[in-house]
């Protein structure tokens, strides 16, 4: 239930702040998914399920009741709304505000079926359902019944469960089923102020006498619970009932499906004197409380005598309408109006209405209008509540309001130091003027939610009401001479029709009625008066002028009119014309008859009853269709005629007495009514259109007639067969149409394919020519490239001074040109690939590979020539160095001393020689560069170092034969680096652009990870055998530099250098083995 807090006392004069509090109810969803119920809540809904919206209608609080048990008394248990709970043994009742179904199979017991129908009839009266109870069998389910159960549209209901399985099984004997037992607990407040529980036990079970009006009781039915509130229960006790009920629910065993579906307990409120029929069925015997005697102590004979003594003349006196004195200002500007509308069938949910929607009501809902005001010349705060009920609203809304929203309003008014609000309960079409003044001057009543479809409104007095006519009878028969009618066609036109005796206020309201609706309903307005309709009007509305209900009376007065002659001096011409007309009238002695339609002076309704022991007629003012009691007779006086309406359950004696009373009423009338005034008999369900026209927005209620089920079954079967035939014919027609359409489409597709094939052939020929031209151009470009590379290489080899630099530059230029060629080839390949076929692409790839192999061969020839030249130069340089070393023996001795001192320092550091593996094609240019020391970042060749008598730092063996050593600090076992050799090569390739400076750094240091195994190169072994160098000089010069420069990546030690030494790193297989052993050991430890 949504409850709206009202106001603070400081803001009454200006605005009222509303605060909403939510109190969820415990109710499972009716769909097959069985949503979880809400747990918390101070007020629990009486129904088991939430709102179910259907394309057919709205079903509020739909719930499923299972009628089960072997023998009488049968059990009525509320179960979740799902197909899973249906079985062939029991009978099920589906209850909603719109429908009540009784579903059963052929296996169900006859007594059980009868009890289920009897309970369904009681539920229908209790909830105010308008439709009759429908008994369904397997295979004949109503679409709404299937929808509420969650059965998909178009599928049939399939129930295979034969027996009931919601009852618990006896632990000792599993074949024996335990039927549910009922336990009654008395809840009262103890001396300590805390709630106390007292079980009510009797050998014969629970009975009605256990319930006391001064206490509260909780009835535990194993599958559901009821809270019974006595009339004299204190407020403090009520607040503790829900927690106590939940505690009792958790202490005892419940059916298994509650645990599987995680459902919350079904708790229902029951009030003393207003017990539901399901609650009464839990008791072995329930006796209705005796109603007060409504008959007098007089005998029937005395009734007749006193009936004759009834003063009929009192019926001619007008009954005053009771005036509601609100006490506020006449303009209602100093107050605050709050409006709520019912949001559910049980009346526990109330939704706030926005101010823009004030004055618009729905006939299927109830409204609570709370007006807070300050009386004139007073400082106190007062309030009044109008409870408005629509014609199609649920009567239980008022009960839910009294025990829910009214309590909240009462609390807020107490906080404002105000008395309880004065309450008025009014029904549709019987609104007092004070109620209408709260919303202005007019009201609008709708029967259904707004939709862009034609609507008809009847305007009478200051109310506009949407009609709910039969679709087949929507024509001029709805019109009458007393009222105005509005035919609204959204986005097209609005037709307003006025009766002959409709008032000016009605005409204004009818013309402006569309202003109450959203802007999309606006259209051009065309007004018509009765008797002045056009042909287009009858085409749109239907019918003709003879179908209009003439509910006026005609006053015919024959008078001889003699006009006196009057001479006018100022206007001679007018005087002559008037004299001629007067002379003609005198000569002919003409008599004129004036016929005029008049509105009935007063329309009165009298209810004729003998409840007080005296047969009399009580006037009802204002009156509506609701006042027509089927057990009584009613007199309707329309001045020129008196209707006698007989209820379907009224007796013949009441009819005779009412007829006598009607005759006396006409005879004693002194209001100059027509002399031919008579009494017309009207029976319930057979009312004439003239009788209905005097009631505002007549509600169509079909009579309750017994229908033979066999006849109805035959009619349904015939209708079903007829529908099947029609469906088959429609299917055949559709199939024929589809086949024709498919043939047309196929012909179109064939023509389109032919055109596409022709276009593709032309495109392929063009593509082939373009491909051939591109191939010729590529061959020419490749030949030119080959010649240029050969010439450039020969020129670079001849230069002796800059051999190494020029070779590098040539290789870089060759690479750049290759890259450019590759880019061009790739661009052309992409264009050719997108256009040419797969076979042509393969041929181009083969040709590209041949070109690359030729370029590789040229490179290898150039490299071999360069290697041979360098080897000769190195041999000559080595010879010269041996001579220089002999002259410098003295210097070497000093160096040896320094080495001995450094050996002690370098014992802890070990140097690993990393010999790079045979470099790939991409690394050939990088391997030829030498490593620069940390101090000297410029590019210095090996030859220059030897000439300058500086120690040489070998890193690795390049392709030219130089030794290039990479020294890395030794930190224990080798560890795999995160960078792979391929990544280093890609980075080194990018660093040598054409326009970038050539810094000769040793890329092999970064490229070769320490953890990778060292593979000795054949060229390295040959060069080491042919060369000789002093390791001590290397250690003496470089070890100090490494110690000084902490940031240098090179470190040295006195350990011997072994070119063939390798680091054994764990292989992938060993890693996998280790991981598997770890997993097993871990699993064992866990086990």
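Just so it is clear, glycine is given a Cβ too, placed from its N, Cα and C backbone atoms.
Here the structure is a predicted model, which means the values were calculated and not measured.
Among the residue ranges 501-549, 550-598, 599-647, the one that Swiss-Prot annotates as coiled coil is 550-598.
Here Swiss-Prot gives region 'Disordered' for one range in the set 1-40, 41-80: that range is 1-40. The stretch in closest packing with the repeat 'Gelsolin-like 4' (465-538), judged by the count of Cβ pairs under 8 Å and taken from 73-146, 183-286, 335-442, 614-692, is 335-442. Summarised as a single figure, the pLDDT of the repeat 'Gelsolin-like 1' (73-146) averages 87.
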